[in-house]
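Single-structure report; data block below.
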Amino acid sequence: MSKEKFERTKPHVNVGTIGHVDHGKTTLTAAITTVLSKHFGGAARAFDQIDNAPEEKARGITINTSHVEYDTATRHYAHVDCPGHADYVKNMITGAAQMDGAILVVAATDGPMPQTREHILLGRQVGVPYIIVFLNKCDMVDDEELLELVEMEVRELLSQYDFPGDDTPIVRGSALQALNGVAEWEEKILELASHLDNYIPEPERAIDQPFLLPIEDVFSISGRGTVVTGRVERGIIRTGEEVEIVGIKETTKTTVTGVEMFRKLLDEGRAGENIGALLRGTKREEIERGQVLAKPGSITPHTDFESEVYVLSKEEGGRHTPFFKGYRPQFYFRTTDVTGTIELPEGVEMVMPGDNIKMTVSLIHPIAMDQGLRFAIREGGRTVGAGVVAKIIK
């Protein structure tokens, strides 16, 4: 096949490999880039190029992550792979690499293992919306019944964590054989690619989502009124539109009478832009940093939620000692810190630096939130943990 020209116009989708250590995540990542580059152009990446993952910092946390890119006929994919289990945990919780879908790698020779379960659970907690399964090392299993058994176990495990186990695509393959260029196993990589294209819907772009702007600063401009500034997180705001001010205090409504950027007046502000919004009839003291401007009805304020949290290790600049129930740190959402108390799961007395843990948080002020919102845990301005809202309680 002739190599297709790389089209910037293709929809962009973020995916990643998850699964138990040594089940073949990195080999599969290499195989995907190699097979797809033959068919659709792009660069093949060798195993050791991917395995040698560079260190990154996300919210002050060190994570080793490899990013590769590949194309199918209809889409462009950015794919993240992590060398170690701890890196996955950190990656999923911080949202350093947001995934529109994940490829769960399970070795047919082992079946589901403890980290298989943990990655599925994390996927549920942090809001990975779709999982596709690659049953790896199938060239080493001759027994059809055994393969069916492993498949059944994986489907049951997915269903247990509220993924549609019965409808999840499962590809039986061998990443190593595909990487080595064996045609029948290369075919399985193409099968996987077609599931990526068809099973994972195209993500909604930030600009198409309801308007939201986290407020960073508030100014009073004499003769004109109150201006709030910040970066538009999603959506578009047009002059004359009604917005809600959500979080910390009672929700109120106001109208945006002007949008400006670099001291120029505009008709609208869009996702990704730093803007000032002039608000009608709103007093300077009624608004504060930490609130958000949002499309009316699109987001609500909450104080109590379940979360999945990663606690920084001492080496990452976190705490040197464990914390216990009754711990009262600050929770940093978007632009501000709010104090909160925590509840640990049944039977857990203390949490060590470097652990990841499910905890229930109760904030002293409500914050505009929805499921999947990321936050940092801080003590006196120092980050000691990272978390994600898994479920809103009230």
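These residue numbers are counts, starting from 1, taken along the chain as shown.
Any Cβ shown, glycine's included, is placed from N, Cα and C.
Range annotated as region 'G2' by Swiss-Prot, chosen from 60-64, 70-74, 110-114, 295-299: 60-64. Counting other Cβ atoms within 10 Å of each Cβ, the binding-site residues C82, C138 show the lowest value at C138. Looking at C82 (GTP binding site) and T26 (Mg(2+) binding site), their Cα atoms lie 8 Å from each other. K25 (GTP binding site) carries a helical DSSP state (H, G or I). Within the chain carrying the region 'G2' (60-64), a Cβ under 8 angstroms from the stretch's Cβ atoms is held by residues 53-54, 82-84, 87, 90-91, 94, 96, 310, 312, 315-317, 376, 383, 386, all 6 or more beyond its ends. Note on T26 (Mg(2+) binding site): other Cβ atoms within 10 Å of its Cβ, all shown chains, come to 23. Beyond its flanks by at least six residues, the region 'G1' (19-26) meets 47, 50-51, 66, 81, 83-85, 104-107, 110, 112-116, 119, 136-137, 175-176 of its own chain at Cβ-Cβ distances under 8 Å.
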